[in-house]
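These features come from TrEMBL:
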DOMAIN    25-284  domain 'Protein kinase'
BINDING   LYS54  ATP binding site
REGION    285-329  region 'Disordered'
Amino acid sequence: MDSPTEQVANSATDPVLGSTLADRYRVDGLIGRGGMAAVYRADDLALGRRVAVKVFTASTEGIDDADRRRSETALLASLTHPALVTLYDAAKDPASRREFLVMELVEGEDLRKVLERGPVSRRDAARMLADLAEGLHVIHSRGIVHRDVKPANVLLSSAHLPTRRWNAKLADFGIARLLDESRLTATGRIIGTPGYLSPEQVRGEPVGSSADVYALGLLMLESLTGAQPFPGPALESASARLVRDPAIPNDLPADWRDLLAAMTARDPAERPTALDVALATESLGVDDDAPTRGDDATVALTRPPATEDDTRVLPATRVVPAESDDATA
């Protein structure tokens, strides 16, 4: 959650800064802001520890049932694993009526910031994939689907080892459950980021754990090439995956190509499980540490504007394309 490029804000422009949420969490710094929420540094006055607090926007439907909130928070907080950001609390501030989550504060930076500087080596990518796939396996085994696997939700802390650059942690798992997944589904709305949605999410179909595997495949492809597989405006990006598979560089080792192709299969039934992916990382080729730039089709891709990288709650009709293969509007 900690980033050296934290956004600048003050209490005059952001009333959350300087406030104490629920008489317990004293907010003193902004880490980042997205379409659904803002994340802050805070002190937990009850336990004397530093935490990250995710405060949802007033327009976000959310945690209005206290019993359900306690039940879901207990489930998510029980998921302790080195590759998962620990959730401590979920509540609504009585004064502002704003809903918020309290999480482990991770010292490091998110993968989105790393990729702004360029792709990562195969060795680093393999270690990161192993962490994230194992983390997804843990939440999937408890019936939780992340729904928003993307670089901004991957937090990297230094591993302090000569053979390992980072330890990767997955953040924001369980957000759909805490924002009432059943209500969102009933109204035809989708939680996710357009560049990383699975085809079934784009079509507004029921979503299972294989959607997370698809998003993880896109994330790893971007990590290796430095470019998003499906760039462009939200609708164009989301629609593209319905008619074509992502371009996988020919100069990647065969085991990498095969795994990424399986993870990004358009048919959910053809994708491996997160556990399968974690086990496959043990034999991935990492002999060449040079980042992969990819073939011409991949090199031509560019990173989209930052505004397209926000998590959104989208009406399904906004991301379902026309029948023709070239539909982008």
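The backbone N, Cα and C atoms fix where each Cβ goes, glycine too.
Quantities reported herein were computed from a predicted structural model and do not represent experimental measurements.
Around the Cβ of LYS54 (ATP binding site), 23 further Cβ atoms fall within 10 Å across all displayed protein chains.
Model confidence over the domain 'Protein kinase' (25-284) stands at 89, taken as the mean pLDDT rounded to a whole number.
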